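Peer 1: Quick one: structure below, then a few questions.
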Amino acid sequence: MSLVITPIDDTFQLDAMPVDISDTEPIVQNNPINEDDRTSNVTTTPEPIIQSGTTSDISKGRAYVTVAILLTINLLNYMDRYTVAGVLNQIQTYYNLGNASDGLLQTVFIGTYMIFSPIFGYLGDRYTRKYIMAGGIFFWSCVTLAGSFVDQEHKLWFFVLRAAVGVGEASYSTIAPTLIADLFVGELRTRMLMIFYFAIPVGSGMGYIVGSNIAEAFGHWQWALRFTPTLGMVCVILIVFVLKEPQRGHSEGGRNLHNTTFCSDLMYLFKNKSFMLSTFGFTCVAFVTGALALWAPLYMQRSISVQGGNPKESVVSLTFGGITIAAGFIGVFLGAESSRRYKRVNPRADPLICAFGLLTCTPFLFFALVVSKYNTTATWILIFLGEVCLCLNWSIVADMLLYCVIPTRRSAAEAVQILMSHALGDAGSPYLIGLISDALAKKYRDPPKTPSVQFATLQSALYMTPFVCVVGGGFFLATALFIVKDRKEAEKITKDMVVIDEAKGIDNPVLEGEDITVTVANPEKSQPL
């Protein structure tokens, strides 16, 4: 068995060097040795330079610009995704849709999103990621714009085009976090992921606000779908001409990492307990957020009607959007900062914080549903507190994936997590909630379209979400049992402390007593230690 590391000075007496495979420190520092300073005993720390996949290097400033571009695109993605929820009542009236059909509108989008994620995950681990993202965002912008021109007689095409939006978003969501992982490491990576994942609650909230208000300003809901595609085209230009792609694994000192077969990648991921358990936990998060994202604005409109009020769709969407943005900022920040600080004393901090967030979210969601019939202000407050707790885990889950999976398999891991969390989470939860609501409405004596019936049935269906939060908390608690071991194994592979057994798709540690070949500056002088 051989292990190849970065060329070192061949003037060392290799056969006299001790080999301590228990040491987890990097064998060779990331900073290259200057040929003129070989005999110097002084160690300097130059300005961080990140090796790119091209002939140039990525400076620290360019790395921050890259994160800013990725953040902007993520904001647009989530704005577009929840613009439909902001004008759902108008779409329901325009196409004469029921609750189940409304839920299906979100389900078809999530369906294609999760189906195409593994394809882009495979491509993202093997080809230039920036061009894959640019092509996907261009396609997403085109089909989103086309969907705004579908008339009432061809509503099936509106569903088809919304489904096609998922293809474009899959190309981005599976790849963008891996670029951040290759640019930053440690606490700085946690902060950059925190900034990146601000886009989820903030973009979702902006989707409700921008969508409903643009529709009101122009008099037609279709205009709400014509805002984000324009900005999407600008982002395509930024990706192609500004964004530079880093070498996979460089931020962690990765050496000699190479791609394996896709089947080997999947076998590795399915045997990674931390990855699988955290993915199941995140699936519960996706289930709850998917249900609330689509149904909460409409539910609050019906809640206000039952209390004798006259709800205005744009006002309710503005309120819910503002709450989502504020809760997202606070939740993501608290989650990331708690993780960064708590990890200093407890290496299992990440899954424990995720579990705390979901378990704490449970009573807030439950009592929000209970009091919604009596007090709108109290309901909004409880929804806000529940969303803060729910948002604690967004950046933490991504961070766990990135440090428990080696760089050449991260896009595949992102794809698998997206596939599983959406297939069992928000792909079905909006439709399931709507289906249960419609089924319960048939048991009432009053007509199904009566406001009191619509409120009561949707309320009963949404009681499922607190229960799912409890299940998700259990999965994250189970993740805490394995997170330390799986992280150490991933770090050893990345730093050439173990060799990948491609045939089995698992990691074989370099055992004491085996010959380890080190490649030195002159390849002809390579010899066993």
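Using the three backbone atoms N, Cα and C, a Cβ is placed for every residue, glycine included.
Predicted, not measured: the structure shown is a model, and the values here were computed from it.
Under the heading region 'Disordered', TrEMBL lists 25-54. As annotated by TrEMBL, compositional bias 'Polar residues' applies to 40-54. Annotation source TrEMBL lists transmembrane segment at 61-79, 104-124, 131-150, 156-180, 192-211, 223-243, 275-295, 315-336, 352-372, 378-406, 418-441, 461-484. Positions annotated as domain 'Major facilitator superfamily (MFS) profile' by TrEMBL: 66-491.
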Peer 1: Using Cβ distances below 8 Å and needing 3 or more such pairs, separated by at least 6 in sequence, tell me whether the transmembrane segment (461-484) contacts the transmembrane segment (378-406).
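Peer 2: Yes, these stretches are in contact.
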Peer 1: Would you report the average pLDDT that the model assigns to the domain 'Major facilitator superfamily (MFS) profile' (66-491)?
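Peer 2: Over the domain 'Major facilitator superfamily (MFS) profile' (66-491), the predicted model scores a mean pLDDT of 87.
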Peer 1: Given the cut-off of 8 Å on Cβ pairs that are 6 or more apart in sequence, determine whether the transmembrane segment (378-406) and the transmembrane segment (315-336) share at least 3 such pairs.
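Peer 2: Yes, the transmembrane segment (378-406) and the transmembrane segment (315-336) are in contact.
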Peer 1: Residue list, the transmembrane segment (104-124) vs rest of chain: Cβ under 8 Å, 6 or more residues beyond ends.
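Peer 2: Non-local partners: 81, 84-85, 91, 97, 132, 136, 159-160, 162-167, 169-171, 173-175, 178, 262, 290, 293-294, 411-416, 418-419, 422-423, 426-428, 430-431, 434.
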Peer 1: Does the transmembrane segment (418-441) make contact with the transmembrane segment (275-295) through 3 or more Cβ pairs under 8 Å, each pair 6 or more apart in sequence?
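Peer 2: Stretch pair touches.
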Peer 1: Look over the recorded stretches 61-79, 156-180, 315-336 and say which has the most C-beta pairs under 8 A to the transmembrane segment (192-211).
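Peer 2: Per the Cβ count, the answer is 315-336.
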